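*Asks:* Please see the structure below; I have some questions.
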Amino acid sequence: MQSTVPIAIASNGNKRDVVQNVSAGDEGDILQRLARNREMISTSLSPQKSSGFSGRRRSSSVRDALSSFFGTGNSPTSSMDDYSNLMNRNYSTASTAMCRGNSFPSDVGTKAYNITGSYQPDRHRNSVPYTTIDQLHTRQDTGLRRESDPVAAKQISSNNDIVRSFITHHASNSTMFINRVLSDYLADRGFIKQTPLYNKKSVLEISIATSAESVFLPTTKSDETEYLSLIHGSLNQARTQPVGSTNTAESDFLPSCPTMDTLNENNDLSLFPLHTQRTSPSNTARTGNAMDTSNSDRASPASNNNTTDADSFVASGNNNPMNNNNSPARNRHPNSHSRSLPNAWNSQMPSFSFALIFSLNKSTTLSDIKVELTSNVRVVWFNGLPPTKNVNEECYNIGSLDWTLNADNFNLFIPQGAKSPLDIVENHSNNRKLKVLQKLSMRKRRSFSNKAVLRENILNNLNASNSTNKLNAGVYVFTIPIVLASRIPESLYYPSARVSYSLRLATKLKDEHTQLVASRPRSSSISSPQKLRSYSCSDSYEYSQIDDTIEGETYNNDKNSTGKIAFPSSWLKSAKGRLKRNNSNGRSDNNGASSSGLAMQHDSEDTINLQYPLNLVRTPPEISVTTANKPLYINKVWENCLSYEISFAQKYVPLNGEIPITIKVAPLVKSLSVKRIRVSCREKISYRSKDYQYDFDQLDPLASDPCNPYHMRYLVRKKKDRSLPLFEVASKCTSGPSIREEVVTNTVDDNLLAYTSSKENNKDIPFSESFTVKTKLKFPKYCEVDATKAASLPPYGIDLFDPIKDPTQSENTSNNGNVLGFLVGRPNRASKTVHKIPQDKNHNEVNDTNGNSNTSLQTSSNVPIQHYTRLNKPRRGLYLDSMHFKNIQCSHKLEIVLRVSKTDSGSSKIIRHYEVIVDTPIYLISDLCNTSNIDLPTYDMATTESSKVLPPTFEEATSVSASPRSSVSYYPDDISMQQLNLSRSTSLANGYLSTLHPKTTAVSDSSNGAPIRDQQEQQARPLRTEDYALQMGNENNAYSNMDGLLSQDIFEQETAATLFKRDIVTMNFNNNIFTPRYSPRTFTNTDYNYNDNDNNDNDTEGPGPIIHPGPEPPRYDEISS
């Protein structure tokens, strides 16, 4: 009699699975074909084709068996090994009617696990965390699935030895197999590489894997939350459903839906609750060979509605657990789920997940694993915390989440001797809820004396639990997803305060061998209990040595010391930690005293206390929904004397970023001069106590300490706020240092607007014109300092600079500098490096050899500006803006200062000096929010290469001799409105112009290039943008006399660029300027005579100055002749 083996056929998610029967007589043929075609199947089942297995029924029973054993596709991470499909498998139970994928269920109904080869090709992993997806696929009658069922394996492989060899083909290297399965499991769920936390050789190794190195929080104002919810279509639905009680009074407006569970007092939120039937204890037996629990009276997680005790959850409207007894068990596909998540949650509340990996080399007993995620604030008050002022440090908690991990709620278990995917256990009964980290209200914030109390709190919670877990050798993976509210503060670092996020883990490791020795009777009748031994991750791994030294701590130590050298409190601790010796097991030999409140333990228990920091980053607002990050443009006129234009690229500036800025000043009166242009960043930091009753400014420690050597330097300043100079252009190096200094050397009377002068009554009168500065401002980032560096830094508010030497210049060893300037950090003026600017077409650009951006100085007449550059590095950078935390406020302003001198119009002729100040608020964000991280690449970056030579244009490729000139070439790097000349001079023929205007002017200028002598030479090299820019001066002159009011002699005189080469340039104003055909630009040469007859005798074929092109365009025969 032939027995039948049920095979579940995958179908659509909205339909029931269809069950077919295959006779056991065909089993041998099926398995033989399965083994022969394994390689072909692994390469042919793509994700697109694999979806067909779950979409339609296969007509062949062979294909049914193939899909049931191998799965319905390949893993997205690997298509070569069969075990790579492990992390995408959908584990089923004994009930084949409820199966989603193809499986060979065991015929033993009493087993709580069975063998399966199911694979789910499309996990629908959107922005919803994967744990909720796994909850939807959870079998409600059991949560564990053991793949290595000996009964089922015997049924499959009893008639064919090929299957036995196929299942055990990884037996040669089980370690590589385990590592590969673990890495694929984590990679499939979006985790990055593992980071080790703790290592005790031959016993236990703990590591962590996170979904991201940093968590990015959106910048969303309270009034924009409703707007975003409105455009996402979830505002009306959110308003109709009130939100349950939360643990914060300052939380965001959290939208909900009719079936969404609300927050309880533990910040426990389940976005996808399942109304499932309570399963019977008979169907929830544990796998004894996978794990064991010493506490026999602990309830099974499956019997508690698939939730653990620490993560217990009560849904709104379902407070009585007996209400769901009569509801039918359902398991829907995520796409067919009736409860949809509002889009506002996905866009405004970022998700974050982390996985804890425990690797055991032997069977070990552990206590419950306590995990906490805390957000802590530390503020050091320089004069004591009011009102008592007994303590200097204020510490409190603004948010926390906690979990309890044990042997029942793991996600994945890989035994130590795992050789195939059939040996791996994945727990689906783990219904760990998704929690939301929010900011606590002022009344619910818990204060603590110092940062050591946080360690004591988690140890007290650990000691309160007496449960133990017997864990077999292997790898245990616990995954924990969380959601962060958008209004919580990001990680902040300031001179007197910190806002940090840390993940803490605590457990007790019990050594069985030591317990047996300790249980024997001792010779002494008096036994003294040993102190508790605690191990931190900093004992073995250098990355976790977090230095939370605050500059205020060092300041208070120096203030309280009376004539003695004050060492920071953390210095002795670090020295004491370095003197500890570690044995071969990585344990410290020093048994320090236990903290207060900790229970006394025997030496057979080792307490593990680990800490992992998290970095939260605030991103700029999205440009698609708000205009907060728009560019800045200022165009104003000061006192009808000076017009200035300022453009800045953006308002949200990443630290260590370079943002372009353009400043243009134009004089409106001739008695005005600009001496200096300075760009600075003003910073203001203020702190408030936890109850908002007391506050102080970051500059108060310096202002209230007359013994500080920088106190007088601070008092003489006009503005007390900190101002970090970023850029400066001046004619003399008389002011303080800046990060980038441009000193102009060829000005007239130290006026940045005048570079030429004219003679009037035997007196040089400067000729003022508009002046434009184009550069990139660099905003330096702060440096995290320890106790040693904090003592060497100047106090906040005093900025010192270190000069950056030019490697191309020889080092100057002159010691003629000022001693006082050396002591306060001023650079030596005698050792300044002068950058000589060559007189070429790029004379207005400075190539910085130190990697900084170029600076362009231009005038309206294109006069060559000679200047040199000095670079300095500040010892203290700028800090982040704080906009989402009222207790710590930090703001910045970009300030542009114009130093202006103006002569009175009266008879006194008194020169008065002014400072025109223009400031605008900016926001400094993290350096991780640079353009390469938050912006998409441009089309040019994706399609072109920087080193690739561009092909010629159509006109350049098809042009012949005597044809019209080619159009201006387009380069993305040289976009400017000045390059787009709309005149017809570029398309007029040379012959036609020479017939109208036989007299041409030969221009000889080094900056504008040589004149065109032959049209054949011009056609040999196509006209480029740089060539076209050099001829704009002549073309502008061609249309400057269209009305015929100016004299024709203007075109027979020298050009301004030629006269600018001389040492003395004068202008004669004795003639009448209103004479017909007279040009005001008649220059007088006092050094040598310039003969204009040479230009009249030379017949040039190039285009001359165009006065009027005529009423009609030229004909083709005129052009080609």
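A Cβ is built for glycine as well, from the same backbone N, Cα and C atoms used for every other residue.
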*Asks:* Can you tell which of Ser46, Ser75, Ser528 Swiss-Prot marks as phosphoserine?
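*Replies:* The candidate carrying the phosphoserine note in Swiss-Prot is Ser46.
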*Asks:* Of Ser127, Ser296, Ser831, which does Swiss-Prot mark as phosphoserine?
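*Replies:* Of Ser127, Ser296, Ser831, Swiss-Prot lists Ser127 as: phosphoserine.
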*Asks:* Just to confirm what the record says: which one of Ser327, Ser963, Ser1079 has phosphoserine annotated in Swiss-Prot?
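*Replies:* Per Swiss-Prot, phosphoserine applies to Ser327.
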*Asks:* Going by Swiss-Prot alone, which of Ser11, Ser595, Ser987 is annotated as phosphoserine?
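*Replies:* With Swiss-Prot as the source, phosphoserine is noted for Ser987.
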